[in-house]
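Everything below concerns the one structure shown next.
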Amino acid sequence: MAYPFQLGFQDATSPIMEELLHFHDHTLMIVFLISSLVLYIISLMLTTKLTHTSTMDAQEVETIWTILPAIILILIALPSLRILYMMDEINNPSLTVKTMGHQWYWSYEYTDYEDLNFDSYMIPTQELKPGELRLLEVDNRVVLPMEMTIRMLISSEDVLHSWAVPSLGLKTDAIPGRLNQTTLMATRPGLYYGQCSEICGSNHSFMPIVLELVPLTYFEKWSASML
C-alpha cells in the first residue's frame, strides 16, 4: 500500500507489476541520458564563441538525428509491447470474479460458485476501528487465493468507472454495456488497496477496493462459510 509522502511506486505484488517497474526504470534511464545530452549541448552553445552561421546543410548530422531517435523509440516500444501482450494474456484461470461498478460502490460475483456474491461499500470514517485506514476500508473484502491465476470480468451498471489496484499493476475500465477482462496473480498474501480511478460523480473518491489474498486452504474455508 502507499505511505505518506511516498514518491515511488508501491511494492510490486504480481509478475505484471514487477515488469512495469522494470520498464519504468528502463525508460527513466533513457530519458535521463537524453536530458543529460541536451543540457550538455546547450551548455556548449552558451559557453563557446564558435558558431556555424554559414552552414547550409550537414547531411551527417541530419542522418544521425533521424536514425538515433528511431532507435531510441524502438528500445522503448519493444518492452512496452511485450508487457501489453502479457497483460492481455489469460490462460486457464483457476477462478473468475465478476465485478460491477455502481454509484458509488462495487459488487462482486464469484461465477464458479452457485450463490457467492456481495456488495462492497466504504466504511464511514466515524465507524472505523483503531488501526483501520480512512477512505480505504470496506465492509466486504474480496478474498482471493494467492499464487493462482484469477480472471476479473469488469463492467458497470450506470456510468464509467475504473477498477484499479496499483500494487498488482491493475487498472481496467468499467464501461456500461461492455465486459472487460483482466488477470491477476499475487505472489504473497496480504491486504491490497485500490480505488475507482475514473471520475464517476460526487462520491467518486469513496469507492475503495480491498483485496485480501490468502493461501488456497483459507480461501476454501472462507468460500464455504459464505455459501
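Quick reminder: no glycine exception, Cβ is built from N, Cα and C everywhere.
Over in Swiss-Prot, the protein carries these features:
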- His161, Cys196, Cys200, Met207: Cu cation A1 binding site (BINDING)
- Cys196, Glu198, Cys200, His204: Cu cation A2 binding site (BINDING)
- Glu198: Mg(2+) binding site (BINDING)
- Tyr218: phosphotyrosine (MOD_RES)
- 1-14: topological domain 'Mitochondrial intermembrane' (TOPO_DOM)
- 46-59: topological domain 'Mitochondrial matrix' (TOPO_DOM)
- 88-227: topological domain 'Mitochondrial intermembrane' (TOPO_DOM)
- 15-45: transmembrane segment (TRANSMEM)
- 60-87: transmembrane segment (TRANSMEM)
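Features recorded in Swiss-Prot, as mapped to the structure shown.
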residue	record	CB count, 10 Å
His161	Cu cation A1 binding site	30
Cys196	Cu cation A1 binding site	25
Glu198	Cu cation A2 binding site	18
Cys200	Cu cation A1 binding site	21
His204	Cu cation A2 binding site	17
Met207	Cu cation A1 binding site	27
Tyr218	phosphotyrosine	15
Given the Cu cation A2 site residues Cys196, Glu198, Cys200, His204, which other residues of that chain have a Cβ within 8 Å of the mean position of their Cβ atoms, reported in sequence order?
Gly101, Trp104, Val159, Leu160, His161, Ser162, Ser197, Ile199, Gly201, Met207
Three-state composition of the topological domain 'Mitochondrial intermembrane' (1-14), taking helix and strand from DSSP:
0 helix, 0 strand, 14 coil
Is the topological domain 'Mitochondrial intermembrane' (1-14) packed against any residues at least 6 beyond its ends, judged by a Cβ distance under 8 Å, and which are they?
20-21, 24, 133, 136, 166-170, 184-188, 190-193, 213
Secondary structure content of the topological domain 'Mitochondrial intermembrane' (88-227), with strand meaning DSSP E or B:
21 helix, 61 strand, 58 coil
Relative to the mean position of the Cβ atoms of His161, Cys196, Cys200, Met207, the recorded Cu cation A1 site, which additional same-chain residues have Cβ within 8 Å?
Gly101, Gln103, Trp104, Trp106, Ser162, Ala174, Gln195, Ser197, Glu198, Gly201, His204
Alpha-carbon distance [Tyr218 (phosphotyrosine); Met207 (Cu cation A1 binding site)] in Å:
26
Cα proximity to the residue listed as 'phosphotyrosine', best match among binding-site residues His161, Cys196, Glu198, Cys200, His204:
Cys196
Taking all residues of the topological domain 'Mitochondrial matrix' (46-59) together, what is their mean pLDDT?
70
